[in-house]
Structures are given as structure tokens and as C-alpha cells.
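Novice: I'd like to ask you about the structure that follows.
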Amino acid sequence: MMLQIPDVLTSDEAAYCRGVLDAAPWVDGNVTSGFQAAMAKNNQQLPQDGAAAREIGAIIVQALNANPLFVSAALPRTILSPLFNRYGVGMGFGDHVDNSVRRDPVTGQTLRTDLSITVFLSDPDDYDGGELVVEDAYGSHLVKLAAGAAILYPASSLHHVTEVTRGVRTASFFWIQSLVRDDAKRGLLLDMDVAIQRLSGAVGTTDPSVLSLTGTYHNLLRMWAEV
């Protein structure tokens, strides 16, 4: 399941985040790379334990936890502290698959990476290239979203970032361990949740059909969740 989540941050919030990040020190992006990724990676990254990363990371996590679409789609159990990368002219990131398990250097937690998320912080008109390209059974998907929007996709996906040819692309990226590890099951639960919300709007939250479907949703989640 691949899902665009618009307006995670407002335009003003995204601009504030960019301002803080632009003033922060950046290092070579291979600091956090696994072996495969290091062979393909050419970007800059913000130190994860720095003040800027902590401040902006907290803003992003708070915004995601308040976003109903993200919560419904990801069913987050643990969210890794956000990381930040920057691509200037000539920089890109070749094909790779993210590590299956990661340790959060900020919290010390170890998590299974079920989902990857990128929150775009640069306006798409401010740079050329820099598209996130995610591969799945249906082909290649090019993603370049408005500042403040996010893309959520399975961490098992082969993906890359195309070379930037003008401007600078700044984004936050990180991983989520879901309550439901199986992507297909998460997709079914999201479809059911969306359908329940639509039905509730049409017939009311106390309608017997809404109550029945809500019960079925929670019983499926109870069956599949790992806590």
C-alpha cells in the first residue's frame, strides 16, 4: 500500500522547519547507511541527535499523530525519530531497500521497519529532479509532493531518489513499526475504516450497520495486532 498524505504540515509550518534546518550543520549522508545503501547514496544528512533534528522531528511526529489518515493507514506502534536529508545539484540516491531493523539513537529503541515515510519540506517548484521513485508490482511510481505533504509506503519497497539538477530538495524520512506487520492486512483495515467513516456520515454513528462494521474492524485489529 502506497499512500499520499496531504497537509501533514501547513505551508507556514513547512517554511519554519526549512528555516531551522537551513541554519543547522549538515554531514555526509552515509552516516546512517547500511552497506547496500552506502554504495548508492550521495546526499547530506542532519545529525540525528542535534537540536534542530530534535525540534523539527518533534513537530513532525506531533503532526502525524494528530493526522487521522496517517494513524488509520499506519496503525503506528513505534515511530523512529525523524531523520533529515538534503540533496543539492548532482546529488541523488540509487536503488536500495531500507534495513529491516533499526535502532533509534535518540530513544534507544529497536524497531522493525514496516513502513517508510517521507515528509517533503521543499516546494516542488524550488528544485528540478529529486523525485522519489518507488517500485512495486504495478511498476514505478514517481513522487514529488508539496511542502508539508508525505508519502507512506512499505519499507520493503525498492526505491531511489533521482538526481537533483536545480535547487535543493530537503525532506524528513523515517520508519514506523506498525501494530499490524502485514501490508495487505493494514490495507484492508484502512479500506474498512474509510468505508465506516463514509457510512457514518450518511446514516449516523448509531446506525446498527455502523456499529456492526465498527465491531468487525476492531475484532480484526484485535486478531492481527502485535502489542
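Any Cβ shown, glycine's included, is placed from N, Cα and C.
Pulled these features from Swiss-Prot for this protein:
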type: DOMAIN; residues: 78-178; note: domain 'Fe2OG dioxygenase'
type: BINDING; residues: His96, Asp98, His159; note: Fe cation binding site
type: BINDING; residues: Arg169; note: 2-oxoglutarate binding site
Novice: Within 10 Å of the Cβ of His96 (Fe cation binding site), how many other Cβ atoms are there?
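Specialist: So the Cβ neighbour count for His96 (Fe cation binding site) comes to 18.
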Novice: Kindly state the mean pLDDT of the domain 'Fe2OG dioxygenase' (78-178) in the predicted structure.
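Specialist: Mean pLDDT for the domain 'Fe2OG dioxygenase' (78-178): 97.
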Novice: Hey, what's the Cβ neighbour count for Arg169 (2-oxoglutarate binding site) at 10 Å?
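Specialist: Its Cβ has 28 other Cβ atoms within 10 Å.
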Novice: Taking DSSP states H, G and I as helix and E and B as strand, how many residues of the domain 'Fe2OG dioxygenase' (78-178) are helix, strand and coil?
Specialist: 3 helix, 56 strand, 42 coil
Novice: For the residue listed as '2-oxoglutarate binding site', identify the closest of the binding-site residues His96, Asp98, His159, judging by Cα separation.
Specialist: His159
Novice: List the residues of the same chain that sit at least 6 positions away from His159 (Fe cation binding site) in sequence and have their Cβ under 8 Å from its Cβ, in sequence order, or write 'none'.
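Specialist: Listed in sequence order, they are Asp95, His96, Val97, Ser116, Leu132, Val133, Val134, Glu135, Tyr153.
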